[in-house]
Amino acid sequence: MADSGGSSAPLLPGDGASNRNRCCWRFSIPSPATSFRIKTSVWAELGGAVGDLGTYIPIVLALTLVNHIDLGTTLIFTAFYNAITGLLFGIPMPVQPMKSIAAVALSASPHLTIPQIMAAGLSTAAVLFLLGITGLMSTLYRILPLPVVRGIQLSQGLAFAFSAIKYIRYDQDFTASTSSSSSSPRSWLGLDGIILALVALLFLVISTGSGDDQERNANRDRSRTRSCMPVSRIPSALIVFLVGILICFIRDPSILQNLKFGPSAITITSITWDDWKIGFFQAAVPQIPLSVLNSVIAVCKLSSDLFPEKTELSATSVSVSVGFMNLIGCWFGAMPVCHGAGGLAGQYRFGGRSGASVLFLAIGKLILGLVFGNSFVTILSQFPIGILGVLLLFSGIELAMASRDMNSKEESFVMLVCAAVSMTGSSAALGFVCGIILYAVLRLREVDWCGLVGIRGKDDAIEEN
């Protein structure tokens, strides 16, 4: 890892702003021709478009069935979010559910109501918006030690991978509490069996390999694929997702009768003072540190790793983006969302290289939201969970592999302790605090305390004589 400014502390790079403008947020809209320009192929961008659905679908499905969030409204609003962020950032910027809010909403007894969920989303959004426009998020991004950020990324990636294995091996009940969502072992055969998931896994491995960027390995790949169509051009994730949709209708042909055409009615959510209190203290408080770390800090760092040729994302703009989306959508009952490093890793892993990838996803969501509305949940409820697990597995592994750039044992030590605490305590905030403390202690060991207090060592005295 490169040392910045001669300092021994491995800090994150700046957020793309000059020193004069670190506390200012300058807004400009890039050209659509630049943001949506196809970097590799249309098929690759289409494959990347569905790369983050392994996390998106289970949470959206659970919130729709349990908490009665309107799926049609969520699809329409997240479609606009995808299109706008794809334009502004020019990369496959994901729009993911706020996972801590969703976990609390599903596990609380009684379950959180829609106004309480929206209050949690609005509270989190307000905090991130303020952190962004005041420049505090950019300051935090610059001073955070890289090993701590890598530890958060590693823990999130492994958590996704572990959840993916559970999806593949066990039947899932997303309407149940977290502790009882995984029940009996999944059968090997059937339209949602382990064999189907393994076939999808094998297909994705054959078609995408280890996820190496083909543009950086063009010479090596040209000799291997001269006589046939490069498998990297196959929209593998899109094919797997479409097969899953087809299986939905095979598993339950009656879902066609339950589909209703037309968008959902969009209404303004009425939030009482009690809803604000419950939403903030129960759901927003655990979500805020996760959003700061995974939705802003980790996303900015991962984007610089995946897209080194692009100008580094501003932590300010990403933070304001998360805040702005929810300050609008939550008032209309749309699911609270954020950007996520796991979603970005998944979309990149399956071919997403530009804003065109999430634009394609936005078009698909908008069509589904306008045509089927909330009734689309009848289709998603039959989607093979094992296939979702396979997509989620690749996203998690891609995110975890971002931590492979630790260049010393000390950096790896901080990263692994941070990741271990995050996973054991199920709290990114706890792992972050422990990582910062450990990093500070290691830095203190390098301080020349004797020199500071004026105590000379024996060797120094001999040299003077």
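Glycine too: its Cβ is placed from the backbone N, Cα and C atoms.
Taken from TrEMBL, the feature transmembrane segment applies to 46-66, 73-93, 113-136, 148-168, 188-210, 231-250, 324-346, 358-377, 383-401, 413-442.
Two recorded stretches are said to be in contact when at least 3 C-beta pairs lie under 8 angstroms, sequence spacing 6 or more; the transmembrane segment (383-401) and the transmembrane segment (113-136) fall short of this definition. Using a Cβ-Cβ cut-off under 8 Å and counting only residues 6 or more beyond its ends in the same chain, the transmembrane segment (148-168) has close neighbours at 12, 54-55, 58, 182, 186, 194, 197-198, 201, 293-294, 297-298, 301-302, 341-342, 345, 385-386, 388-393, 395-403, 405-406, 411, 414-420, 422-423, 428, 431-432, 435-436, 439.
With respect to Cβ pairs under 8 Å, the transmembrane segment (324-346) is most closely packed against 113-136, considering the stretches 46-66, 113-136, 188-210, 231-250, 413-442. Here the listed stretches are 73-93, 188-210, 358-377, and the one with the most C-beta pairs under 8 angstroms to the transmembrane segment (231-250) is 188-210.
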